[in-house]
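Trainee: Below are the features listed in TrEMBL for this protein:
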- B:90-309: domain 'ABC transmembrane type-1' (DOMAIN)
- B:1-26: region 'Disordered' (REGION)
- B:33-60: transmembrane segment (TRANSMEM)
- B:94-119: transmembrane segment (TRANSMEM)
- B:131-153: transmembrane segment (TRANSMEM)
- B:186-207: transmembrane segment (TRANSMEM)
- B:242-262: transmembrane segment (TRANSMEM)
- B:290-312: transmembrane segment (TRANSMEM)
Amino acid sequence: MTVTLTPAENAVTPRRPQPARDRHHRGASRWIVLVLVTLGALAMLVPFVFMLLNAFKSPGDYSSGGPLSWPSEFYTKGLRNYWTQVNFPLKLWNSALIAGSVAVLGVVVSLLNAYALGIGRVRGRLWIVGLFLLANMLPQEALIYPLYYVAKQIGLYNTQLSVIIIFTVIQSAFGTYLLASVLGTFPRSLLEAAALDGAGKWKILWRVVFPNLRPTLAVLLIFFFIWTWNEFLIPLVMLIDNSTQTIPVALASLQGDRLMDAPTTNAGALISLVPAILFFLIFQRTLSRGITAGAEK
Amino acid sequence: MALSETVAGPERPATSTEPTPTGRKRRSGNAGYWLYLLPGAVLFILVIGAPLVGTIYLSLTKWSGVGDPTFIGLANYRNLLHDEVFWTSFKNTLAMIIAMVVVPTLVGLVLAAALFDVIGRKFKPRTAAALRAAFYLPQVLPVVVAGIVWGWILRPDGAFNSLLDAVGLGALRHDWLGDPNTAMPSVMAVMIWVQIGYPVVVFMAALQRVDPELYEAAEVDGANWFRRFRAITLAQIRPETFVVALTCTIAALKVFGPVFALTRGGPENTTNVPSYFAYYTFFKKLQVGYGSAISTVLTLIIIVVAVVFIWLQYRSERQDRGV
């Protein structure tokens, strides 16, 4: 996109010579826009600055200097306390296990569903897709009590598996909706050519459809991961044990704790944020590629 | 974010236009595809269908979660009508819609246009990308973590009051989340902060679709920025605006995590929302039947809102094609 824009801009300028006053005016207003938007962006970052500023303060430092003072020493004990107190590596593993499994399984289920709906065009598919779309919009409160009750009965309560199964279905409801509409426009000629070569449905799915869909699937995978990583209500209800909880649930359950002073709260929030930001930075390129791939369709 | 495809939607039937080889062959060909739907369908019925039916049934009963539910008909719904907390929670949903849909969509449109149209084109696209990342950052943060950090910032001895002191506005110091008068506005401000990045990113992606020549032509015709914004930007990215408005409205109706982390619905229910009310009724008050009734009403409202949105979108698309 950046490539197509720059020449367009260049092409405009020489074509229309402008009165000097107008040009000057335009030059000033674009700077005003830049300053305003930059100020807005900086304001968005203020809470993160607060978090950083207070995550490395000693409790004494905090109580004497307050939340805005520069830390008098680089204090990491709050961070280490939080790390060991909540057994952070275990929480990280739980979150990664749940979000990772859901991302992969959710994409597979979405793809299978969408293959039947978008390419197989099974009967009643409009209703089926509509049902999936509505399911994605349901409030989780409308499902939670029966799920909680049944999970308790069959021994899945307080296991990561229960959360993985639930979110695989919830996320794939959205994935099915999205992929079914994408596959609805899949070039028929490709399918027919493969069928003439004697490829069965299973082979066509993995040799023809899957490779073509890979950018969209990658975006879906990342969305599923981040969405599941950030989920709260169902993990809060289903995972009550220290050994099964995810990062957001662990942080929230420490919140009311008197032992959590302000620096520890900030340290906890900071390390809970790091995996999400790392993930975001790593996959940002994939995401913007996926967006363009979708837009070009 | 790949949402542009969802707009086109699967609603356009394609079978009718397509030549059918021979009736029998076609049908047997389709039948094979049902197998692919099987795992998804079984999971769907177990995890979504059956629990939903279960909740609707439970809403007609009185149950504490142990023993057998007692069938009481529509009594829970009658009680809801007279429950002040119920009405308050839905009134608060309107505030959430303002904070999570109206403000982010309007501000997001202006920001995306400014970032794409002015900063991306008249400065470096890189600058626009960096600024966009700053707006999007809160979206990456787990909402509960955001709620906990903001809860600390807005505390009586938190960073916001210290900031007011530092700039000489110490007279405004306040227990922002503890005072019934300021709790909701504070939660709304936090939600705007959380939400704003989503429309910015979606609208910026949408603007990439728009043919730059449209803007050039308008510029040559002497249309000023605001007129170009109205006539081109808004018109061209209307599908994405629908999607953003719909998904944000659904999110506002369902909001739970931030309320849990910031205020637990307090003080005096001034920030209570239906989903927190339902959670509290299920797991703290152990009134499963009543909680199910709240959830069922919320579900119905969400379905109605979604259907109205999709119908409006469908109508506007048809008008576009018809004209």
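If you go along the chain as it appears here, the first residue is 1 and each next one adds 1.
The backbone N, Cα and C atoms fix where each Cβ goes, and this holds for glycine too.
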Trainee: Looking only at residues six or more beyond either end of the transmembrane segment (B:290-312), which have a C-beta under 8 A from one in the stretch?
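Mentor: Here the qualifying positions are 52, 55-56, 58-59, 61-62, 76-77, 79-80, 86, 242, 245-246, 249-250, 253-254, 274-275, 277-279, 281-282.
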Trainee: Taking B:131-153, B:186-207, B:242-262 as candidates, which has the most Cβ pairs under 8 Å with the transmembrane segment (B:94-119)?
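Mentor: Maximum Cβ contact count belongs to B:186-207.
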Trainee: Hey, which bits of the same chain come close to the transmembrane segment (B:131-153), Cβ under 8 Å, at least six residues off its ends?
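Mentor: 111, 115, 119, 159-160, 177, 190, 193-198, 200-201, 204, 257-262.
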